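J.: From Swiss-Prot, for reference:
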- C92: active site, acyl-thioester intermediate (ACT_SITE)
- C382: active site, proton donor/acceptor (ACT_SITE)
- R224, T227, S251: CoA binding site (BINDING)
- K45: N6-succinyllysine (MOD_RES)
- T119: phosphothreonine (MOD_RES)
- S121: phosphoserine (MOD_RES)
- S140: phosphoserine (MOD_RES)
- K143: N6-acetyllysine (MOD_RES)
- K171: N6-acetyllysine (MOD_RES)
- K191: N6-acetyllysine (MOD_RES)
- K234: N6-acetyllysine (MOD_RES)
- K240: N6-succinyllysine (MOD_RES)
- K269: N6-acetyllysine (MOD_RES)
- K305: N6-acetyllysine (MOD_RES)
- K340: N6-acetyllysine (MOD_RES)
- H352: site 'Increases nucleophilicity of active site Cys' (SITE)
Amino acid sequence: MALLRGVFVVAAKRTPFGAYGGLLKDFTATDLSEFAAKAALSAGKVSPETVDSVIMGNVLQSSSDAIYLARHVGLRVGIPKETPALTINRLCGSGFQSIVNGCQEICVKEAEVVLCGGTESMSQAPYCVRNVRFGTKLGSDIKLEDSLWVSLTDQHVQLPMAMTAENLAVKHKISREECDKYALQSQQRWKAANDAGYFNDEMAPIEVKTKKGKQTMQVDEHARPQTTLEQLQKLPPVFKKDGTVTAGNASGVADGAGAVIIASEDAVKKHNFTPLARIVGYFVSGCDPSIMGIGPVPAISGALKKAGLSLKDMDLVEVNEAFAPQYLAVERSLDLDISKTNVNGGAIALGHPLGGSGSRITAHLVHELRRRGGKYAVGSACIGGGQGIAVIIQSTA
């Protein structure tokens, strides 16, 4: 076994994902985490007093209270003030990383029950002004910086994230047509799963205000199930002439959060929790920043090797859909079985709120694996700057 102790998922919930500037735009990342965490505590019948640690992933730190995020989430959901909290940032892998950190705390017996999660409000990413605190003269031309837009460029290699995906398209000979067809598949799979109610077990509905008054939001807002291939083919490439990445085949800018509660085997017995899945293992790897999207390849390979398993053992595989060519490069490199990979659509359809996606993917795999009667699943994400992260779970159903 890859972990030193048995670690189990006892609850896994996520909010619906809101479109950029959509129904969730007025909720901070802290608010969104609170919704997910409350739902997870309730679903797992976990008393806040039993939680030993709170670990939340968040990337953009977009709200004024963001530096307190994990701490505020813990206090808001009733976890005792004596219980410590930690906010972490491994970019797009932050939701997964919260679970990794939680496993580590449990394995070294620093904690028995950990509230993990990831969250992002990309709609609330502020405009900011740099280098004006000192020496700014009267009448200076103040330049506003879009913190969301600039964050999507890796300054170390001077490449926007989309261009790292274009690099993979060239390297793996991936065509624009293949990218659009994959994007359409993501939308169609999301629609089929949503219509069938496959997201119900993971979803934590939110009450939102609209022009028509208050309503309950329980469906991902970003998805465009009516999309056609013809519409996708008409969209212009965003970053490169004759490129492959368009607004239609890239992950959606979104708002949302997820929460995953993990517990040691001892805690499961002591508190009579119902284990939904076991955390089998995890792996984090670095890769070339100019093709950061290939990160899931070494991450999945490393996690499988540590666990003594193979891709053939996996009943479900999730690779976060940052960009269609990025996903397709991973699919080709690992020779993934498309019948069990991203089976209910992914971030191209429902959006990618940076810190929230790892928690969303984990929650989905936990419930989908049980629904299908499968045994093993692996979830993964590429990470800006050139990294990959993967977590393997085993159903306990």
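Start at 1 and count along the chain as shown; that gives each residue its number.
Including glycine, each Cβ sits where the backbone N, Cα and C put it.
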J.: Test of understanding: give the count of other CB atoms lying within 10 angstroms of the CB of T227 (CoA binding site).
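T.: Excluding its own Cβ, T227 (CoA binding site) sees 19 Cβ atoms within 10 Å.
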J.: Cα within 10 Å of the residue listed as 'active site, proton donor/acceptor' is the criterion; apply it to the recorded positions K45, C92, K191, K234 and give the hits in sequence order.
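T.: Passing the 10 Å Cα cut: C92.
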J.: What number of additional C-beta atoms lies within 10 angstroms of the C-beta atom of K191 (N6-acetyllysine)?
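T.: Excluding its own Cβ, K191 (N6-acetyllysine) sees 18 Cβ atoms within 10 Å.
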J.: Relative to the mean position of the Cβ atoms of R224, T227, S251, the recorded CoA site, which additional same-chain residues have Cβ within 8 Å?
T.: A183, S186, Q187, H222, A223, G248, G252, I348, A349
J.: Other than its own, how many Cβ atoms are within 10 Å of the Cβ belonging to K340 (N6-acetyllysine)?
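T.: For K340 (N6-acetyllysine), the 10 Å Cβ neighbour count is 16.
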J.: If we count other C-beta atoms within 10 Å, could you say which of the recorded positions R224, K269 has the fewest?
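T.: Looking at the recorded positions R224, K269, the Cβ with the fewest others within 10 Å is that of K269.
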J.: Would you mind listing, in sequence order, the residues at least six apart from H352 (site 'Increases nucleophilicity of active site Cys') in the same chain with a Cβ closer than 8 Å to its Cβ?
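T.: Counting only residues 6 or more apart in sequence, the Cβ neighbours of H352 (site 'Increases nucleophilicity of active site Cys') under 8 Å are C92, S251, G252, V253, A254, N320, E321, A322.
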J.: Tell me which residues of the chain lie with their Cβ under 8 angstroms from that of S121 (phosphoserine), as long as they are six or more apart in sequence?
T.: L24, K25, F27, T28, A29, L32, L60, S62, S63, D255, P353
J.: Out of K234, K240, K269, K340, point to the one nearest T119 (phosphothreonine) in space (Cα versus Cα); all of them are modified residues in the record.
T.: K340
J.: With DSSP assignments reduced to helix, strand and coil, which class does C382 (active site, proton donor/acceptor) get?
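T.: DSSP assigns C382 (active site, proton donor/acceptor) to strand.
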J.: Which one is it: of the recorded positions T119, S140, S251, which Cβ has the fewest other Cβ atoms within 10 Å in this structure?
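T.: Each of the recorded positions T119, S140, S251 was scored by Cβ atoms within 10 Å; lowest is S140.
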J.: Pick from K234, K240, K305: which of these modified residues has the biggest number of other Cβ atoms within 10 Å of its Cβ?
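T.: Most Cβ neighbours within 10 Å: K240.
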J.: Mind giving me a neighbour count for K171 (N6-acetyllysine)? Other Cβ atoms within 10 Å of its Cβ, every protein chain shown.
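T.: Cβ-Cβ neighbours of K171 (N6-acetyllysine) within 10 Å number 14.
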